[in-house]
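Feature annotations, courtesy of TrEMBL:
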type     : residues  : note
TRANSMEM : B:20-50   : transmembrane segment
TRANSMEM : B:57-76   : transmembrane segment
TRANSMEM : B:88-107  : transmembrane segment
TRANSMEM : B:167-186 : transmembrane segment
TRANSMEM : B:223-240 : transmembrane segment
TRANSMEM : B:260-282 : transmembrane segment
TRANSMEM : B:294-315 : transmembrane segment
TRANSMEM : B:321-342 : transmembrane segment
TRANSMEM : B:354-372 : transmembrane segment
TRANSMEM : B:392-413 : transmembrane segment
TRANSMEM : B:420-439 : transmembrane segment
TRANSMEM : B:459-476 : transmembrane segment
Amino acid sequence: MLKGIFKSPRNPLSVLFILFSLAIIINIVEFPFIERDSRHNYSAVYKYRYQNVIRVAIDHDNSSRTAVAPYYYLGLVFPESVVVMPTDDRLADSVSIRSFGLASEIRYRDYDPVKLFEKTNIKPHLWNLMQLADDRGNVERVIEKTFGIATSNQPSGTFVILHDRSGRFYYVDSNLLDAQTRKDLGIG
Amino acid sequence: MGEYVVVSGLFLSGWSFGVLTGLSAVAAFFFSFICGLSLVVFVSAVLLWLGLPTNAFFVWAVACGLPFTLLAARPMRPEHLRPGHFRTSLITIVVGLVSLAVLVFFLRSVPLEKYHIDTFKYFRSGILFSRNETQYINLNDLEKRLFSFPIALSLARIYGEFYVKSLVPALSIGVLSVSLFFFWAISAKENVTRAARYGIAALMLLLMVSNNRYVWNSFYLNDHLYVAACVLIIAGAGVLNERMADVPRSFLVSVQILMMPALIMGRAEGFLLAGFAILPFILNPEVAPRDRRVVLAGFAVVTFAWHMYLAHAFMREGSSLPLSVFGPAALAVLAVLAVPFITITPLVRFRRAILILAETALWVALLVATIGKPGVMVESLSATYQNIVVGAGSWGRSLVVLAVIFVFVLVFCKDRRLATLRFPVTASIPMFFLLAYLRNGGAYRVGNGDSLNRMLIEIFPLAVLYLAVAAISLDWRRPFVVPDRQAISPENVSSSQTAHPA
């Protein structure tokens, strides 16, 4: 076969055959070195410990963790919830609540999420979200900084978003709010 | 099981599309997965533009069911009743389904998929698409992530997951198989030995699969490889049509139209890539005028419809329309107006000049932008040098060798028929650098996560195909000559030189 291709050094086919082969050899030689020097998510054949790229990203990346985890865990534990959030909320992202959080509905209300947080005792009702994480060390830090989920013993399926003063937001089961607050927020 | 059913549906739908539009059962196999996926995007695009509800299962069912039903219901021709025909079709389908089963099983067992923070923006849009909540996709995601890849990902919602694990690897195999098909079909009419054809075809595939970034892109959850597939198919189908290859024109034109929504709704620069991929084709007098008009009209309609959809989203949010919306829409209107005139003699006579002018205009625009903000260009060039030549972008030095081969072919190969494969690649280079001025992020940066470094895959398969096709060309400048002219039979010479009637 090669005899048919390499008939003359001035044959462009011969020249290109050699150059193509050279490029392939370079690719093969460099491949392991590129792999060695690449971060896991830029490495071509890096194998993660488990399936589901969302969980992988939450465990490996701060940016993915803060952008995805607060919503993905809501969808994982309480899909199809109704979420009540302040109009123009500055902490929680409504698009992510609808998508990763799989919320069935978002209702916008004018209320102060910090004041409401301070008059509601949610601490005994907070979920231990660490159980959902694979890499507890990193994820724990982010969860402590960004979000929490608090429910009563019989969750209503409606969550109200509250903020603490440190900039963490919480999905709070509407059953944990007093009757007047629920009425003010228009929750049945 | 859910994932296997979904991807098998795509395979059968794409295969049916190929056979319906005139391909043989075996030839349709090469395009099956990409065409099936693009049918899903096509159906979704129509729903979006008409303001109809979107649902992943409905879209999948229509995209898979329609071509298969049409195939089953079409009247039988004598060739369909040949004993071998049914057997070949059956074997092709079984091979496809078994291969997919292996692929899905492997990818669901070995977690190789890669991500970037952008990946999750595609996920968000995909989930909202599947829930008929596209009105909540924010303008930034709509403008930058668009719809093709979210639609593809949304198919996983049918079986309750967030993404189809075998999607990108199947696309990658599709790109390889389509490249092989194009090379084989193009080289069939060239005066080249079978050994050389086998050799170059093998090298072409090896050049792709041995490249670290190609392998990475085969697992990377992003739209780049799909865009690469679209550019490759639109340009490759154009070349086969121009060269009167033994592939039905009905398929070639249909597949070009089919890939338009996937490309134009795939990336913000998709309409430009589509324009580059069709420009040499629509100006080629050797192609039937109707085919050129249809392809140009397809480009214009899809570009206009998508940017009108975007304009509607901007107006709904009370935002003013940016240039990235009304600019392409205006281009689409011009393209519609150009449809009746695209075949007039003065226009096609100056095909080469128009192509040179278009590329020059891009370089001039880049020069003007550079004069305005030299820092962006200097930084981008420096970063690109680091990424490609020094190795920070993980492409490996083979990209430098590839660039050397590219320049070698540009300088010494006189074959003008290569323009349709070459133009989208060379025109994309100034366009990519121009994008640095239009995007919020500013200059490109050093590292394998850089946008330009990731975008290069969009033209990589086409560039490799271009070089492979150039390798079998007979039309070279001195000192390079094609020896052994005696081996070229007179009838072959006449077929390759006269096979382009106006």
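First residue shown is number 1, and so on along the chain.
Positions of Cβ are set from backbone N, Cα and C atoms, glycine also.
On a predicted model such as this, the values are computed, not experimentally measured, just so you know.
Contact between the transmembrane segment (B:420-439) and the transmembrane segment (B:354-372) is supported by 3 or more Cβ pairs under 8 Å, counting only residues 6 or more apart in sequence. Remote same-chain residues near the transmembrane segment (B:223-240) are listed as 31, 34, 37-38, 122, 145-146, 148-149, 152, 168, 171-172, 174-175, 178-179, 182, 185-186, 217, 247, 251-253, 255-256, 259-260, 262-263, 266-267, 270, 273-274, 276-278, 280-281, 284, 287, 295, 417, 420-421, 424, 454-455, 457-462, 465, 469 (criterion: CB distance under 8 Å, separation of at least six residues from the stretch ends). Segment contact holds for the transmembrane segment (B:260-282) and the transmembrane segment (B:20-50), given three or more CB pairs below 8 angstroms at sequence separation of 6 or more. Taking pairs at least six residues apart, the transmembrane segment (B:321-342) and the transmembrane segment (B:354-372) share fewer than three Cβ pairs below 8 Å and do not count as touching.
Only residues 6 or more beyond the boundaries of the transmembrane segment (B:57-76), in the same chain, are considered here, and those with a CB under 8 A from a CB of the stretch are 6, 9-10, 12-13, 16-17, 19-20, 36, 39-40, 42-44, 47, 151, 154-155, 158.
With a cut-off of 8 Å between Cβ atoms, the residues of this chain six or more beyond the transmembrane segment (B:392-413) that come close are 207, 210-213, 216, 386, 422, 425-426, 446-448, 450, 453, 456, 463-464, 466-467, 470, 473, 475-477, 480.
A Cβ distance under 8 Å defines the sequence-distant neighbours of the transmembrane segment (B:167-186), meaning residues of its chain 6+ beyond its ends; these are 7, 27, 29-34, 37, 100, 103, 107, 112-113, 152-153, 155, 197, 200-201, 204-205, 208-209, 214, 217-222, 225-226, 228-229, 232-233, 236, 239-240, 243, 245-247, 461, 464-465, 468-469. Away from its own ends, the transmembrane segment (B:20-50) comes close to residues 7, 9-14, 59-60, 62-64, 66-67, 70-71, 74, 85, 88-89, 92, 95-96, 129, 134, 147-148, 151-152, 155, 167, 170-171, 173-175, 177-178, 180-181, 226, 229-230, 233, 247-251, 254-255, 258-259, 261-262, 265, 302, 305-306, 308-309 of its chain (Cβ-Cβ under 8 Å, at least six residues beyond either end).
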